[in-house]
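K.L.:
Mind having a look at this structure? Questions to follow.
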Amino acid sequence: MAFRLSSAVLLAALVAAPAYAAPTTTTKVDIAAFDPDKDGTIDLKEALAAGSAAFDKLDPDKDGTLDAKELKGRVSEADLKKLDPDNDGTLDKKEYLAAVEAQFKAANPDNDGTIDARELASPAGSALVNLIR
């Protein structure tokens, strides 16, 4: 129950404020970078795989968490607090991937399970790119 509530709060926070950081310029190249099956769209599985790889890249001390310094440019300190259900000041991989999933859903307003170039160019899509690049 607590996980569902925290997931609902997380999703609400993400949908209410779709951009964590300054939007990036998004092009078809961005899709190709996260689209290993080359179908021209990003599905949730691909977004989570890219998010997992991004998390690993962002965690140079390999402590399994990302703090505000490691998240700089991807998640503001204010948004870190919203995304941190255990309030320890860091995001572990599970918390980070929950943010990726929620942002994927925010960037997919037609709920077709994939993000195309138009959706990726939206503010919510740009915020997703910030998390998975």
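From the backbone N, Cα and C atoms, a Cβ is placed for every residue, glycine too.
Pulled from Swiss-Prot, these are the listed features:
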- 1-21: signal peptide (SIGNAL)
- ASP35, ASP37, ASP39, THR41, GLU46: Nd(3+) 1 binding site (BINDING)
- 35-46: domain 'EF-hand 1' (DOMAIN)
- ASP59, ASP61, ASP63, THR65, GLU70: Nd(3+) 2 binding site (BINDING)
- 59-70: domain 'EF-hand 2' (DOMAIN)
- ASP84, ASP86, ASP88, THR90, GLU95: Nd(3+) 3 binding site (BINDING)
- 84-95: domain 'EF-hand 3' (DOMAIN)
- ASN108, ASP110, ASP112, THR114, GLU119: Nd(3+) 4 binding site (BINDING)
- 108-119: domain 'EF-hand 4' (DOMAIN)
K.L.:
Please report the distance from the Cα of THR41 (Nd(3+) 1 binding site) to the Cα of THR90 (Nd(3+) 3 binding site), rounded to the nearest angstrom.
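P.N.:
With distance taken Cα to Cα, THR90 (Nd(3+) 3 binding site) is 31 Å from THR41 (Nd(3+) 1 binding site).
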K.L.:
What's the CA to CA span in angstrom from THR65 (Nd(3+) 2 binding site) over to ASN108 (Nd(3+) 4 binding site)?
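P.N.:
So the alpha carbons of THR65 (Nd(3+) 2 binding site) and ASN108 (Nd(3+) 4 binding site) sit roughly 27 Å from each other.
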K.L.:
About how far apart, in whole Å, are the alpha carbons (Cα) of ASP35 (Nd(3+) 1 binding site) and ASP110 (Nd(3+) 4 binding site)?
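P.N.:
Here the two Cα atoms lie 19 Å apart.
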K.L.:
Measuring C-alpha to C-alpha, could you say which of the binding-site residues ASP61, GLU95, ASP112 are within 10 Å of GLU46 (Nd(3+) 1 binding site)?
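P.N.:
Qualifying among ASP61, GLU95, ASP112: none.
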K.L.:
Tell me the Cβ neighbour count for GLU70 (Nd(3+) 2 binding site), meaning other Cβ atoms within 10 Å of its Cβ, over all protein chains shown.
P.N.:
18
K.L.:
Of the binding-site residues listed here (ASP63, ASN108, ASP110), which is spatially closest to GLU95 (Nd(3+) 3 binding site) when Cα positions are compared?
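P.N.:
With Cα distances computed to GLU95 (Nd(3+) 3 binding site), the winner among ASP63, ASN108, ASP110 is ASP63.
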K.L.:
ASN108 (Nd(3+) 4 binding site) to ASP39 (Nd(3+) 1 binding site): how many Å between their Cα atoms?
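P.N.:
ASP39 (Nd(3+) 1 binding site) has its Cα 16 Å from the Cα of ASN108 (Nd(3+) 4 binding site).
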K.L.:
Which site among THR41, THR65, ASN108, THR114 has the most other CB atoms no more than 10 Å from its CB, taking these as binding-site residues?
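P.N.:
The residue with the most neighbouring Cβ atoms within 10 Å is ASN108.
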K.L.:
Provide, as an integer number of angstrom, the distance between the C-alpha atoms of ASP110 (Nd(3+) 4 binding site) and ASP86 (Nd(3+) 3 binding site).
P.N.:
32
K.L.:
If you count Cβ atoms within 10 Å of the Cβ of ASP84 (Nd(3+) 3 binding site), leaving out that atom itself, what do you get?
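P.N.:
Here the count is 19.
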K.L.:
Non-local Cβ contacts of ASP37 (Nd(3+) 1 binding site) (under 8 Å, 6 or more apart, same chain)?
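P.N.:
Looking at Cβ-Cβ distances below 8 Å from ASP37 (Nd(3+) 1 binding site), excluding near sequence neighbours, one finds GLU46.
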K.L.:
Looking at the binding-site residues ASP39, ASP84, ASP86, ASP112, GLU119, which has the shortest Cα distance to GLU70 (Nd(3+) 2 binding site)?
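P.N.:
Given the candidates ASP39, ASP84, ASP86, ASP112, GLU119, the nearest one is ASP84.
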